[in-house]
Amino acid sequence: MIAAENLDLSFKDLSLDGGTASEENNKILKWNLPLKELYKLACSFYKEKSGKAIHLSYEDNLKLVAFTQQAANGPLDLSKAPPLGMFDVIGKDRRIAWQQLGTITKLQAMEGFIDLLDRLCPLFKPYVEAIKKDKEEKARRAEQEQIQRTEALAAEKERQEELLRLENEKNREELHRRQLQDALNQQTYHQFKEYAEIQFPGNPEQQAVLIRQLQNEHYHQYMQQLQAQVATNLARLKSISDGEDDDNPTAVVCENGTGTNETAEFACANTKENSQFEFKEQCDSDNDSGDYAVISPANMWTKPDIKLFKQEVMAGKGDGVIRVNHGDTVTVKVPTHEGGSCLFWEFATDSYDIGFGVYFEWGKPPTTEVSVHISESDEDDDTIEEDEEVICAEDLECGPVQSSQTSSVGSALGTRNPISIIIPIYRRECHQEVYAGSHTYPGEGTYLLKFDNSYSLWRPKTLYYKVFYTR
């Protein structure tokens, strides 16, 4: 018998000449498989199973070998065939079998090899079917995995877009709220100031507290009235769509561009009727724009080189290092510089986070030097610095101030100008990276950089910070 390992079944020799012939070969199917692919499976099966799972006669092996020679090289050309040895009996028999195939093509030789192997070995076709099913199963799984990956990517993209949309909507609402409140404050500042001067003559600090309370009350009443007007309009539109008659229609808010001022006047009228805030002025904003501009939002970002930043600050290249004890709030007051146009700040801490926010106090600064003020939080003894937060009632981390506290603040506070919030106080993970930011000067005044550790009961924080301005 001829051993299978004596067969030269090199698959690279089985390719047809030219790309066009290869494409035609791939189109020829046998057993629902391309002929060339099926022929390779047959050769592999013959090499693996010959002498093990299948036992063929000498003549059958000669025929199979002849088919492989014909498929690889085409018809036998004796002029190009190497000479055989005198005692090479097997070689002579193989050449005779090859010569007997005549001029059949390579594709016909491949098909003849497959048919002969299938006839001689009943296990071959189930072997091919098993491989084909395995291949189909792998293709099906790959397709399913691709579909799942595509769906997952689409879902993730949709989720990210939704998160971005919600974040943008939230930012727009917050910006709109700030702009609206600043605009209302500008409209009512002078009227509330005149009323406060009547209530607390010669006491500017108490006047500032009262002005802030009046402005907050006015803003909340304005929003409540606006919501009521919207609800009324929606009910009216619903009644019209349902065919109901509306004998007393309510004016649509901001119709023809006048609804906002009318609502503000209504809110001020309610404020005037309040016994606690009695004043006679109407909130007519058409001819009074106020002295203070709407503050633009600040820019904030982070930097990863926190160790280098701390080294620069400790080496004297920064503004300094401060220990913020538990329960304390440090306020860094930075006056606007005559030659500057934008303020920059950078800060970091050791091991733990800290609250941070930026306020702006309007008015000419009494000094051009940067100063640091530390307020200690004590439940039994409220200090002056803690009561300063009354002016910043919009701070998200300090709640609304009760009116009963107003009288105790007046004797302790110094002369204060109106304060606007640029960045509310939030806890920042500044122990992991450097937090930095900038803000364009809105006018003349003093920036209040607040580092809040009042929420910590036990841990002091080491603060590294730098502030500077640009022209």
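Glycine is treated like the rest: Cβ placed from N, Cα and C.
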Of the residue ranges 128-186, 246-304, the one that TrEMBL records as coiled coil: 128-186
Compute the average pLDDT of the predicted model within the domain 'GOLD' (306-469). 79
I'd like the per-state residue tally for the domain 'ACB' (35-126) from DSSP, helix first, then strand, then coil. 61 helix, 2 strand, 29 coil
